[in-house]
Amino acid sequence: MSSNPFNPFEAALNWQRKTLENMTDAAETSQIADERLELMESVEVGQTPSDVVYEENKLELLHYDAEATGIEVAEEDKEAVPILIVYALINRPYILDLQEERSVVRRLLEAGHDVYLIDWNEPSRLDQHLTLDDYVNRYMDNCVDVVRERSGQDAINILGYCMGGTMSVMYTALHKEKVNTLGLMAAGLCFDHTGGVLEEWGSEEYYSPQDVVDTFGNVPSDMLDIGFALMDPVENYVTKYIRFAENMENEGFVENFGRMEQWLGDGIDVAGEAYVQFLEDVYQDNKLYKNELELNGKHVDLDNIDMPVLQLMGEYDHLIPPEASKPFNDVIASDDTRTIEFSTGHIGLSVSSSTHADLWPEVAEWYSERSTGGEEVDIEVESPEDDTVDQSESTDIEVDATDDVDADATEDDADAADEPADVDSVSGIGPTYAERLHAAGIHSVADLAEYDAAELADIAETTESRAQDWLDQL
C-alpha cells in the first residue's frame, strides 16, 4: 500500500488553489486584452519599398527598391537577370513580404537579385469572363516583356507560388525563349489522387465549379476562405485562438498573429471563367500533367520546359501535398531539375523563421548560379491592347572543345557506345515513364522502336503525341 494515503481535504485545497491561480491569470490577461487587440490591428505588412512600373486592368507590376529598403549590395554581387514573382489569383501577395525578418522579397534583394512581383488585385464583375489565356498569354506575357525591357535581358527568372506556380508552368511552356529559370513554390501540378483533401473536394463527383460561377459570376473570397479553413477546422477555429490566449503577454507573438490574421482575412474574389478552367482542366482532368492542356487552342507543351527548374514544397502542406508537385519533374524536358522538400506547411514556406534561415539563402544561390546574364537586347513592349510582342533572338555561343582527350576515357566511351541505349536516354522520358516502360519489358531504345505511339502511350500512361515525340527521336 502507498505510504501516502489519499487525503480528500488536501485534494480539495489543491483544486481550490489551482482554480484561484487560473482566475488570477485570466484577470491579469483580461487587463491587457484590449491593448493586445489594438496592437493586432495596428501591425503593418508589405513594407518593402516598391514602385508600380506597369499597370493593366486591375494588375500592378511592382519593382522592389533595394536601396530605399536600406539593403546594400556590392556592385559585383548584383545579379543581371531579374526575378519575376508570380503570385496566385487567390489572397494578397504580401504573404511574401509579411515583415522584415520574414520577407521572401527581402531575402532575394539581400542576395543581389532584382525583384519584380505581379499583384493581380481584385477582379470586378466585368472581369468574370477572363480566362487562363488572358492571365497567362496576355497579362503575364506583357509583364515579362516589361521586365525584359527594363533589365535588358532576353530571358528572365520566374518564381511562381501556389496557383501562380501552375500558371508559370503554362507560361514557360508557351514562351520558353523568355524564361531563363523556373522556380516553383508549392505549385499544384499533378492531380492523380495525389492532391489530398482539396483534390477530393474538387472532384467532379462532388463539385461543379461552373455552378458556382453561374450563381456568383466571380468566385467569392469568403467561400474560398471558409473552404480552406475547413480543411483543418480544429486548428483554424479552436487551437490557434487558445494559443493566442496563452501567449497574449508576448507582444512579438501578438504582432505575428495579427499579421497572419490580416492576410487570412484579406482574400480576393477569383475571375469566374479562369476558376472554372483551372478546376476542370488542372484539378479534375489533370490535363497539365498529362500534357494535354490547351489555352485558346495553343498546346501547353511540357516538352518545351528545358531550362533549369527548382521545386520548393512543404512536407506538411495540406493544400498542395508534395505528391502533387514531385512527379512534374519527370514529365518535362529539363535535365537540370531540383526538388527541396522542407519541414513546413504551405504558408510556412514563405513566413516560417526556419525557411528564412535555411531555405531562402539556398534558393537565392540557386538562381545566382544560373543567372550569368546574356547579351543585352532591346525589347519592344506593346500596349496593353495588343496580345503579342516582338521577340529578339537569343545569342548562340560556340565553345571549342579541347583536343586533349584521355585515351582510357575514349576506350570507355567506345565500349559504352556498343551497349544498347536505355529508354531514359530519350528526351522526355524521365524516371517515372522509364519505370513504367521497364515494367513492360521495354529497356532499350531498340525495344522502344518496336512499338507504335498508341501502344507506348497506353504502357507509359501518357498521350500519343508525347509517345510519338519519343519515337521521332529514334
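Backbone N, Cα and C define each Cβ position, glycine as well.
Record features (Swiss-Prot):
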type     : residues : note
DOMAIN   : 82-348   : domain 'AB hydrolase-1'
ACT_SITE : Cys162   : active site, charge relay system
ACT_SITE : Asp317   : active site, charge relay system
ACT_SITE : His346   : active site, charge relay system
REGION   : 368-404  : region 'Disordered'
COMPBIAS : 375-404  : compositional bias 'Acidic residues'
COMPBIAS : 410-422  : compositional bias 'Acidic residues'
REGION   : 410-429  : region 'Disordered'
Distant-in-sequence Cβ neighbours of Cys162 (active site, charge relay system), under 8 Å, six or more positions away: Tyr87, Ala88, Ile90, Met185, Ala186, Ala187, Gly188, Leu319, Ile320, His346
Least surrounded among the active-site residues, given as Asp317, His346, when other CB atoms within 10 Å are counted: His346
Three-state secondary structure, His346 (active site, charge relay system) (per DSSP): coil
Per-region confidence, the domain 'AB hydrolase-1' (82-348) (mean pLDDT, whole number): 93
